[in-house]
Every structure is written in structure tokens, then in C-alpha cells.
């Protein structure tokens, strides 16, 4: 949480600058954006390694939690795509866990939320959209374009529906990431504003410091709600990705 400005937490700062008098090495600089993405990947590896390294008969809470998440994602993929979707479970599971851990890490005070950066989320959704489009072309060839002509429509409506379906399909490249980024961004701004106001309220007097317990409790409740929203957004992003893969493989 940042007190000076609600938007300060979304700024990208170089932590380690790499300069050279001969070459432009600015792209090698390590920023808070790169650092927190690396932390997320490290956390995912540590959590999964810890959960599977226990060979006892009785599973630990970590093992049960990870198995529950994997089972949920597996069922989601199978229900959305079908039996052919089993090969996409590793991708969807990796996508879900990365977004989930990134969202949760961003709720830690003074941390950085990569998923609140629209450039990151839209770039991620565009990459997925492009990959799914290529997958559809490889699997179905020219029949992939049947996706833009809904079955059962009259011949007179075909031109209009093709335009609508094409625009709708292209919009997926942006809407998937925009939905995730906007929800995370708005939640973090809300928490930052409420935290800043509560801090100013508490430090104004001793009486207000005592009364400030009430808004602090509300903020903690909102943070708990944001934790749930973070999980929901990761689930929504993953299930929509499954839906798009299904369209690419089977059409409407």
C-alpha cells in the first residue's frame, strides 16, 4: 500500500541499472516488475516442490491444497474442452497458478502487482489469443474460418454475422487481459485510497486513533475480499482460455 499516491504502487522503477558506454544495455536493467515476476515464479516452484517432496503416507495440508487446485483446474479443462483437452491441462494449470500467485503477492503491503499493469495482462491475453488462433489453423486448416459463420443462419445474414463474429473474435485478444487488469487495478486503488485516508485519520489525534480501529477492520475485510476476487479472476481468465481453445478445436 502506498500513502503518497494511489497510483504510485503501479510505477515501474529500475532497481539495478546496467549501462555501457558502447552499447545500449538498458533492456538488461532489473526493475521491480521483473523482480516480482521472478519472485512469483520462485514461490510457485518452492510451493510445488515442498508439496510433492513429502513422501509420508498422510498428505500434508500443502499437498492437499495443491492437489485440490490441480483437480479443480483439470475438471475445468475436461468440462470445457472435452477429453481432447487433457493435453492442455499443464498449460492451463501453469496459467492459473501464475495469475493466482501474482494477484495474491500484489496484496502484500509495499509489494508490486504485475497483473495490475494493463500492458502485462493485455500482452498475455494477446499472446494466448495468437497461440490459440495458430492452434486452430494447424488443427482444422481452412475449416477454422467456419468459426466466423454461425451454423443455421440465413444466407442473407451471413455477411453481417461474419463481421460481428470477426470483431468479437479479435476483441478477445484485448478483453481477456483488460478484464483481469481492470479488476486488479481497481481493487488495489480502492485499498490504497482507504489505507491513506485511515492513516491520516488515525494520526490526527489520540481519539481518532482509537476510533480508527473500525476503518482498519473494514480495510482488512476488503483485503480478504480482494483475495477471493484474485482467485476468481484467475479462474475466469483460465476458463475463458479453455473456452477459446474449445472454439478453435470444435467451432461453435
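Every residue gets a Cβ built from N, Cα and C, even glycine.
TrEMBL labels come from automatic prediction, so no person has curated them.
Not measured: the values here are computed from a predicted model.
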According to TrEMBL, which listed range is transmembrane segment: 66-85, 206-225? 206-225
Annotated stretch (transmembrane segment, per TrEMBL) among the listed ranges 13-32, 33-52: 33-52
Take a look at 118-138, 145-164, 176-199 and tell me which one has the most Cβ pairs under 8 Å to the transmembrane segment (91-112). 176-199
Quick one: find which recorded stretch in 33-52, 145-164, 176-199 has the most Cβ pairs under 8 Å with the transmembrane segment (118-138). 176-199
